[in-house]
Amino acid sequence: MPVKNRFAELMPEITEWRRDLHEHPEILFETHRTSAMVADKLRAFGCDEVATGIGRTGVVGIIKGKSNTSGRTIGLRADMDALPILEDTGLPYASKTPGAMHACGHDGHTAMLLGAAKYLSETRNFDGTVAVIFQPAEEGGGGGKEMVDDGMMERWKIEEVYGMHNWPGVPTGKFAIRSGPFFAAADQFDIYVTGKGGHAAKPQETIDTTVVASQIVLALQTIASRNADPVKQVVVSVTSFETASKAYNVIPETVHLKGTVRTLDPAIQDMAEQRLKEIAEGAAAMMGGAARVDYRRGYPVMVNSDAQTEFAADVARAVAGDCAEAPLVMGGEDFAFMSNARPGAYILVGNGDTANVHHPKYNFNDEAIPAGCSWWAEIVERRLPAA
Ligand SMILES: [Zn+2]
Ligand SMILES: [Zn+2]
């Protein structure tokens with residue numbers, strides 16, 4: 001079975017929604033216009049229930065099948081938020097909000113799940129219930145966590161969750177997935193280094209925090225090279241190095257380092273956090289200075305459940321002919337909070353040969369819409385087969 005004919009018919013309409021969303025990007029939890037548009041459309045489609053304000057600005061639509069002898073509910077999730085990027089695509093429907101841009105394709109995700117919701121509301125050719133989940137704040141705000149914390153899974157008795165992300169580099173409308181750990185845990189740290197400032201010509205009277213912090217930056221690289229099992233993945237990146245001195249001749253009293261740690265295994269994550277503190281404090285002490293570490297855990301590892309992944313890949317093969325093995329991704333993904341709460345699977349749909357996500361020239365590829373929508377519809381019709 002290739003893509004569903006109905007989505008070929010609906011494609012112009014879904015494309016129009018997508019481009020409208022693209023013109024009006026909203027960041028983090030500020031998805032007010034987007035959430036209102038989603039809720040209006042779900043009501044117009046005839047969803048049995050439309051709940052707003054879930055996880056602040058999240059929206060959930062409930063669609064009941066022709067029958068419910070299975071008594072089962074599955075969740076389909078899309079993200080709605082944009083990024084704080086100045087768009088440089090030159091598109092006729094480019095962002096009208098300077099400094100905000102749909103540079104991760106969440107406009108496409110929202111439009112595709114709306115298209116699937118329209119089809120499922122029309123046909124209802126399944127036995128059970130579908131929850132279409134639209135979350136805010138995927139890009140660093142933890143909107144998925146807020147929706148789970150709001151009791152979404154219990155309120156609608158959601159048993160499984162599915163997610164989809166467009167992926168530049170995968171052929172348009174093709175799919176890729178992997179079982180087990182898929183997206184990395186993404187943690188952040190600040191290291192505050194203190195020493196003794198002074199005249200640059202009299203280092204003997206100072207404890208030079210620039211040198212102390214430099215030792216720390218280099219020593220942190222041994223977490224990956226010397227502490228972690230070589231077959232396990234860990235990335236430690238120091239991304240900001242700010243000294244209290246703006247002068248040529250002043251040794252700064254303090255240095256502030258910032259960075260991120262990415263891991264795919266909870267034991268490696270624990271080890272990296274512990275070693276980061278030990279190394280920062282130890283390297284500073286070695287030089288007579290001091291370091292204080294503030295380590296914050298972000299999104300957990302996003303793990304695809306085996307059974308749901310196998311099923312999702314079968315559906316992708318039915319829609320697109322085949323399904324590739326996706327690579328591990330060291331980026332974080334907020335769907336982790338949902339797939340930690342319930343068994344689930346997250347799939348990549350090809351965006352073709354485009355600029356990468358988070359780039360000012362990136363654009364979601366509308367040609368992926370029929371395949372993406374068909375995958376959503378088939379997930380429902382195969383998981384909850386009509387009685
Ligand atoms: Zn993104
Ligand atoms: Zn994204």
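Placed from the backbone N, Cα and C atoms, the Cβ positions cover glycine too.
All protein chains included, E139 (Mn(2+) binding site) registers 19 other Cβ atoms within 10 Å of its own Cβ. For the recorded site, E139 (Mn(2+) binding site), the DSSP three-state label reads coil. According to TrEMBL, the Mn(2+) binding site annotation covers C104, H106, E139, H165, H358.
Averaged across the domain 'Peptidase M20 dimerisation' (188-282), the predicted model reaches a pLDDT of 97. Annotated domain 'Peptidase M20 dimerisation' per TrEMBL: 188-282, in sequence order.
Using DSSP to sort the residues of the domain 'Peptidase M20 dimerisation' (188-282) gives these counts of helix, strand and coil: 38 helix, 33 strand, 24 coil. Checking the binding-site residues C104, H106, E139, H165 against ligand 1 with a 6 Å cutoff on the Cβ atom leaves C104, E139, in sequence order. Candidate binding-site residues: C104, E139, H358. Those with a Cβ under 6 Å from ligand 2, in sequence order, are C104. Every protein chain shown contributes to the tally, and the Cβ of H106 (Mn(2+) binding site) ends up with 30 other Cβ atoms within 10 Å. Neighbours of the Mn(2+) site: apart from C104, H106, E139, H165, H358, residues of the same chain with C-beta atoms within 8 angstroms of the site's C-beta centroid are D79, D81, L83, A103, G105, E138, V357. According to DSSP, H165 (Mn(2+) binding site) sits within a strand segment.
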